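**Student:** As annotated in TrEMBL:
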REGION    1-30  region 'Disordered'
COMPBIAS  1-10  compositional bias 'Basic residues'
COMPBIAS  21-30  compositional bias 'Basic and acidic residues'
TRANSMEM  41-66  transmembrane segment
TRANSMEM  179-197  transmembrane segment
TRANSMEM  217-235  transmembrane segment
TRANSMEM  242-260  transmembrane segment
TRANSMEM  296-324  transmembrane segment
TRANSMEM  344-362  transmembrane segment
TRANSMEM  416-437  transmembrane segment
TRANSMEM  522-540  transmembrane segment
Amino acid sequence: MTTVRQRRVGKGTEAAEDQPSEEKNVKPDGKILSDHTGGKLWNILSITVGGIVAISLGLLTSVYVATLHENDLWFSNIKEVEREISFRTECGLYYSYYKQMIQAASIQQGLHGLVYDNKTESVRTINILERMNVYQEVFLSILYRILPIQQYLEPVYFYIYTLFGLQAVYVIALYVTSWLLSGTWLSGLLAACWYITNRVDTTRVEFTIPLRENWALPFFAVQIAAITYLLRTHLQPVQERLTLMAVFIATFLFSLTWQFNQFMMLIQALTLFILDCFDMLPTAKVTWLYSIQISGLLLVCVLQFFNSMILGSLLISFNTSVLIARTIQKNLKKGGLLQRLGKLILHVLLVLCLTLLINKFVKKILNLESDEHIFKFLKAKFGFGATRDFDANLYLCEEAFGLLPLNTFSRLSDTLLFYIYVFVLFLMAVAAVIVAFRNLSGSNQVQCMEKMEECTITLKPDAAYNLIHTVLFGCLALSTMRMKYLWTSHMCVFASFGLCSTEVWRLILKCIHLYTSQRTRVIKYSIPIITLLYISYKFWPGIMDELSELREFYDPDTVELMNWIKSNTPNTAVFAGSMQLLAGVKLCTGRTLTNHPHYEDKNLRERTKQIYQIYAKRSPEDVYRILRSFGTDYVILEDSICYERRHSRGCRLRDLLDIANGHIMDGLGENDPDLKPSLYPRFCEEIKKNLPSYTIHFTRVFQNKTFHVYKLAKHK
């Protein structure tokens with residue numbers, strides 16, 4: 001529907017911060033003092049240069065994605081309606097609340113309109129702040145109203161520049177995490193360069209600006225950086241308290257800005273649980289992190305008017321269960337290998353049972369069914385039985401919720417990222433297994449096999465956390481393509497850390513009997529620099545070509561539809577249609593909707609399935625009755641859905657509806673034996689024939705190459 005067309009012309013070496021020198025020479029007192037002072041000055045210089053590079057790269061990334069967005073759409077030159085249409089699907093819905101707050105007579109009236117909203121779902125009044133994560137739009141709109149910038153900056157630019165600015169925060173956080181892990185800012189530089197050169201697989205902010213993940217992931221990256229710092233040893237009490245505060249703030253902001261926060265933090269909690277079980281993290285810090293997750297999510301719950309989906313989240317149940325199980329099993333980390341393994345298995349089973357019990361109990365009390373579609377989807381996705389559930393199949397048939405395509409790895413390999421990531425992951429995983437076994441068995445040394453050389457393999461808590469984090473989020477990305485952005489950005493951090501890590505190169509060189517501190521230092525800096533030179537040589541020309549390519553937004557049919565709606569329908573008119581299109585209708589025209597793309601509500605899901613009967617094999621009387629039950633005045637039919645070819649047979653929207661209704665699907669192919677032929681033809685096709693049985697209920701009032709709008713008769 002919406003397309004884009006071609007535009008018509010109108011080195012140095014720095015010292016690692018926390019790397020103790022390998023050899024200490026005995027020197028006169030004056031010399032020691034002089035070296036100590038020189039080392040401090042060198043560290044200050046290194047931190048200053050590294051900080052400047054981090055900020056510069058963050059700002060450059062913001063400018064880069066902003067320029068791509070402008071070049072792709074010619075955003076500065078197109079009309080306001082075209083700008084709004086460019087916010088596709090749910091992006092348009094979220095942006096509409098920012099626009100609503102800006103246009104309200106006062107901030108108080110704008111907030112009242114959100115808390116008592118009757119235009120997002122017809123014949124219902126809902127609390128937008130409770131149902132959706134739109135506090136960022138509220139905050140930004142208030143900020144725009146109170147700052148003296150209205151005459152210099154349009155509201156839409158204030159909005160998109162804020163999102164592009166958050167990309168700077170994102171890149172800086174990735175840079176800092178890699179720096180903290182490796183001890184050199186060269187690692188952060190490499191992580192940022194990989195993030196930029198792999199932009200197709202690390203972010204989609206330039207074409208899905210208001211998407212919730214574009215708000216949330218920068219705060220998630222800040223949280224990971226803060227956790228990485230927190231897990232360092234020998235922190236001062238003041239440093240620890242400040243870091244915990246940073247973790248809490250980042251966790252809270254991440255939770256506030258994305259409805260899927262609980263699932264991402266559940267994976268993070270599993271990371272902490274695994275490492276704590278194998279005694280690879282300090283228990284006290286793990287407890288603090290569990291508590292921060294719970295308190296951050298509960299604070300968001302309060303702000304979202306006690307959203308029941310948050311209260312019934314698996315994260316709160318899991319974290320609570322872990323803390324209870326710890327209290328019950330006080331001697332979990334004592335005993336020999338077999339005793340520890342036995343206790344560990346019991347601990348895992350206890351936590352699992354408590355989690356399910358608490359979650360079931362909370363959901364029963366709250367009568368919570370908002371997230372049941374997610375569990376139905378997961379059950380069907382992982383092969384626990386086929387389903388005819390419309391909502392589950394709607395997710396299963398979307399490419400974004402399918403497996404990660406194999407061509408992703410070829411793109412990541414072009415920049416050497418994937419090769420280096422796998423290499424580092426393998427080394428760190430082996431080290432983690434050895435350390436975990438040593439912790440469980442109580443032994444403190446591991447023997448290298450060659451020549452019986454003794455070498456101690458260690459894994460710092462911060463590195464251990466990032467290792468399990470990347471493994472679990474990698475599994476998530478492999479199973480669900482939409483979640484790859486959580487993995488690929490961290491992949492940049494993890495690979496660059498390994499390439500610049502003294503510990504990694506020391507381990508490799510010791511195992512092949514080539515270790516010296518000088519050789520380790522040379523490799524630690526030379527290989528990352530060579531990698532950076534290779535990336536620059538290979539990808540700089542492509543980036544320049546990309547920045548010079550000029551195109552423009554082009555979707556005349558949707559523009560014509562929106563202009564017609566604004567000019568020819570009353571402000572109180574209610575529109576029915578596809579979720580994706582109706583989000584644009586609300587944003588561009590302000591008309592009332594029957595349904596929308598924010599799918600985390602059972603009543604809305606049932607309503608959407610009913611509205612979508614316009615694409616099923618139903619009688620005109622049935623469709624009219626359904627639409628009028630939701631107060632519909634106009635229905636919009638899209639040829640791209642009625643005659644869909646994007647999906648294969650069995651995954652087209654009309655097929656999903658046929659299966660859910662018990663009807664045989666169109667076209668050649670197999671059908672389940674219990675499916676029956678429908679008594680009626682497909683509504684969206686038959687209505688265009690203007691038969692009397694249809695015209696008595698529906699009158700066509702608008703038509704172009706893509707859309708057909710019908711007005712519903714108002715029978716007594």
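Glycine is no exception: its Cβ is also placed from the backbone N, Cα and C atoms.
For each listed feature, how buried is it and what is near it?
**Tutor:** Note on the transmembrane segment (41-66): residues 14-15, 17, 160-161, 164-165, 167-172, 175-176, 179, 185, 188-189, 192-193, 195-196, 199, 203, 205-206, 543, 547 of its chain, located 6 or more positions outside it, place their CB under 8 angstroms from a CB of the stretch.
A Cβ distance under 8 Å defines the sequence-distant neighbours of the transmembrane segment (179-197), meaning residues of its chain 6+ beyond its ends; these are 14, 16-19, 46-47, 49-50, 53-54, 57-58, 61, 64, 171, 203, 225, 228-229, 232, 415, 417, 462-463, 466, 489, 492-493, 495-497, 499-502, 524-525, 528-529, 531-532, 535-536, 539, 543.
When Cβ-Cβ distances below 8 Å are used as the criterion, the transmembrane segment (217-235) is approached by residues 18, 166-167, 169-170, 173-174, 176-177, 180-181, 243-244, 246-247, 250-251, 253-254, 257, 264, 281-282, 285, 289, 460-462, 465-466, 469, 485-486, 489-490 of the same chain, each at least six residues removed from its ends.
Panel annotation: around the transmembrane segment (344-362), residues 273, 277, 311-312, 314, 316-318, 320-322, 324-325, 328-329, 332, 368, 440 of the same chain, lying at least six beyond its termini, place a Cβ under 8 Å from a Cβ of the stretch.
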